[in-house]
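Q: Just lifted these from Swiss-Prot, have a look:
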DOMAIN    1-112  domain 'C2 1'
REGION    136-249  region 'Disordered'
COMPBIAS  153-170  compositional bias 'Basic and acidic residues'
COMPBIAS  226-238  compositional bias 'Basic and acidic residues'
DOMAIN    302-426  domain 'C2 2'
BINDING   Ser338, Asp390, Thr393  Ca(2+) 1 binding site
DOMAIN    460-582  domain 'C2 3'
Amino acid sequence: MATTRKLVVEVVDAKDLTPKDGHGTSSPYVVLDYYGQRRRTRTIVRDLNPVWNETLEFSLAKRPSHQLFTDVLELDMYHDKNFGQTRRNNFLGRIRLGSDQFVGQGEEALIYYPLEKKSLFNLVQGEIGLRVYYADEKPPPLKPTVAPLETVVEEKTEETKAEGPDESKPPPETNDIPAEVKETVKPPQPPPEESSPAEGPKPDEEASPPLQENATVGGEEPPASESDKNEAEAKPVEEPPQNQPDGEDIVLESEDTMSWASAPRSPLPEVIISRSVSGSIPETKNGPQPLRRSVSETASYTSEISDVSTIERSTFDLVEKMHYVFIRVVKARSLPTSGSPVTKISLSGTMIQSKPARKTSCFEWDQTFAFLRDSPDLSSSPILEISVWDSSTGIETSQFLGGICFDVSEIPLRDPPDSPLAPQWYRLEGGGAHNSDLMLATWTGTQADESFPDAWKTDTAGNVTARAKVYMSSKLWYLRATVIEAQDLLPPQLTAFKEASFQLKAQLGSQVQKTKSAVTRNGAPSWNEDLLFVAAEPFSDQLVFTLEYRTSKGPVTVGMARVPLSAIERRVDDRLVASRWLGLEDPNDEKRGNRSRVHIRLCFDGGYHVMDEAAHVCSDYRPTARQLWKPAVGIVELGIIGCKNLLPMKTVNGKGSTDAYTVAKYGSKWVRTRTVSDSLDPKWNEQYTWKVYDPCTVLTIGVFDSWGVYEVDGGKEATRQDLRIGKVRIRISTLETGKAYRNTYPLLMLVNGGVKKLGEIELAVRFVRTAPPLDFLHVYTQPLLPLMHHIKPLSLFQEDMLRNTAVKILAAHLSRSEPPLRPEIVRYMLDADTHTFSMRKVRANWLRIVNVVAGMVDVVRWVDDTRFWKNPTSTLLVHALVVMLIWFPDLIVPTLAFYLFVIGAWNYRFRSRAALPHFDPRLSLADAADRDELDEEFDVVPSNRPPEMVRLRYDKLRNVGARVQTILGEVAAQGEKMQALVTWRDPRATGIFVGLCFFVALVLYLVPTKMVAMASGFYYFRHPIFRDRKPSPVLNFFRRLPSLSDRLM
């Protein structure tokens, strides 16, 4: 039975509302509007924290499915003036929710939305709690009292036919409807003819829409919307629904909906199809009728599921067009064989063979082949040969049944959005086929053709795993298990008042976590610990709790409890969910009388972003809960054109070969290009699109060599890992809006011998902003991670552990796809091995710090040169600047800001315009790295190197650690000397400092501050003839202060 989709909004409560009645309270009610339908809750009298707990429903039966993603749910909250008059505005706040934030039933969660202002001068505060989700319900059964209704409809129909329409006579009950409601009343509709079983529709009459549940009988007016003031005056036309909440529901239908519902349906015009066939095949008049359509909606492989027809399709303007000759072999008839024949297609010296035909009423293949062609207009005219062979007698002794030849220059050119070419019947010539026909279609198209993804391509060698594919990462959640306490856990072998140690172990799949050991004497230990896991949808696993009693001989299991993940509540904020008591069952005890129990609080934290990438190259920061997603601010388009000068990655049949493919990852969407077989200069020319929610994210592209199933030196190596060729990262924030970048990037790999260039990849990328300019700039002021990361932050240990778990889950999920995305590819794209130790990275990071501080060092050097009058003109100008800033201190901040503005404006000329930044071997110190350091970087844990080499590396690391230890000691000593100024560790030094502070306080109190500042400035920039070459007394005094270094052992 068909179901009806509806939008359900649960208005739960509100908090901290604005007082409106003049007595410190308000009487709020909520009005919701969705697609012309309006609902209203009841009024909560004099309460700033009202609780409604009402469920309001909106019908989506008349809403086209592709337009559901563009609707907005508007919620307005008002103060009811009937419960406390006020001269001020009774507006309490509003929110607007896009339909992309709505989830299906079962995924909903209570979310508190902050109330927003309607205008700048509104005083709004507080938040409202909602649950919004889609629900499907079965239509109600037909009522048994339909016969009288049909009689009335039939009689009214006869009267209508006899009298005809009378436009001068007003419809009944019009005078009883209020003025504001009359504007939205539908015109009278003719009663549906299909409601009468005795009288069928006539061919010369237009078909009326079916009778709705709320339709009136005998041409009466349909129900109109009613306001609160006119509810008692207006005459009701239909009964309210039975499931209407306590509050008053206002249902308003827009004029567009009414006209759409009342528009008559015109019959489809007869479609006449003419088709040319070859030979003496008779013309088929009873062919399949094509579907009518007004606008071509040909989908391409760049479109997503959520794309709607109103969105412009990708035009493939970032890549080059690659022309293919497509041959679609559908079926054959009247073949003189009883086996499973095959078709062979030959073009330009390339021959391919189809799969064996399926024997039904005809011989069916329904297979499409694509031959690469340089251009649609060739000077020569190659011949396309299609032949049918009977393979039942063996592959080598196949019998020729017939064939067809085509001139490629006469094959039509098709480019979407053109409609697909219909296959035709062709008479087979030659062989043993005399009256055999083959149905096929041939055309010349590009990679934008909808048949291209599933076609057998010549550049992929027909490998099933070589197709282009779009993957979606599984939806990951953080599962928080709060272990509170346990009861009745005293083992029988222990006596009272004897301490016992207990530990709770939680396991989810391969994830195992344990609490700390809790010691108790009464059998009621307490932990209050949070255990975090990563869970992937769909939730089919179970969370297993095992309570262990710690003994000297080892842990002893006291009991176990299982909780299915589907029964765990979801939350999107830090509110406390209801806890539960779980009964523990002893797996070795058959008696289940008295059982111990444990107190647990379980929830899925949807307010976190599950990290699966390194923080500095993350491609998505959205939380798990879809309700918290912000609207997209733009789209990024990536054109993967091809690679050049690739090195052979493997040996196939004694010959070097590379079967390259590209993987791109952004957010939860992965794309994989087709695998170009045995080519060192592969061309893909595939274009993909992603939605951008945060511009400060990174798009990652990796190139790999596929092993597949090949004869490698005489043996099949199907289980070998795909080899890495290189990787490119593109930060979205570095792209200008609307500008297309087409660049060639080197593919670099760091191996044990150093940096190795394995080729180049040519990419085209473009970022298009879809959000308003101010909204787009407002994103830069928002935190990167969701709010829960700041309210209840995770520790570094938890982040690393959960990230490694998330990578394993994603790798296992994507490896089960077809074609699979292998785990080594996923780990390389997610940078799962970036946490390994490397002396090269240590030195590179140190040089990065030096480069950052270099600007400050230059400033200090310039100030020192100014002090010593190396440039007298500059020193005199600095004196004048000091005098001006001291006497006019209001100019200090503007001068600094103007100086930074000048620097930024000056550097604008030197910005990168064409090339995008990519991996820098010099910055990474990869071009000058020591071989021993690289070998140490690629060493596994635990090390598999010889003991002597491990000892040498350990001694080197000890030397580096000693230098780091010295630097840390110096930093700690300087801080301790600062503390010694007032701690009286050195009584004389502290006395001098305290006395000087008292003297400075008196001077600054008696002497104007500007005079003191000017004197200090002139003293600091005094001429060298007034200086002494010894260190300053202040520095000497600070160096003599004591530290705690002499107390270290």
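Each residue, glycine too, has its Cβ placed from N, Cα and C.
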Q: Quick check: in three-state DSSP terms, what is Ser338 (Ca(2+) 1 binding site)?
A: coil
Q: What are the helix, strand and coil residue counts for the domain 'C2 3' (460-582) according to DSSP?
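A: Grouping H, G, I as helix and E, B as strand yields 7 helix, 69 strand, 47 coil.
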Q: Output the one of Ser338, Asp390 that, of all these binding-site residues, has the highest number of other Cβ atoms within 10 Å of its Cβ.
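A: Its Cβ has the most other Cβ atoms within 10 Å: Asp390.
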Q: Looking only at the domain 'C2 2' (302-426), what is the mean pLDDT?
A: 78
Q: Tell me the residue counts in helix, strand and coil for the domain 'C2 1' (1-112), as DSSP assigns them.
A: 12 helix, 52 strand, 48 coil
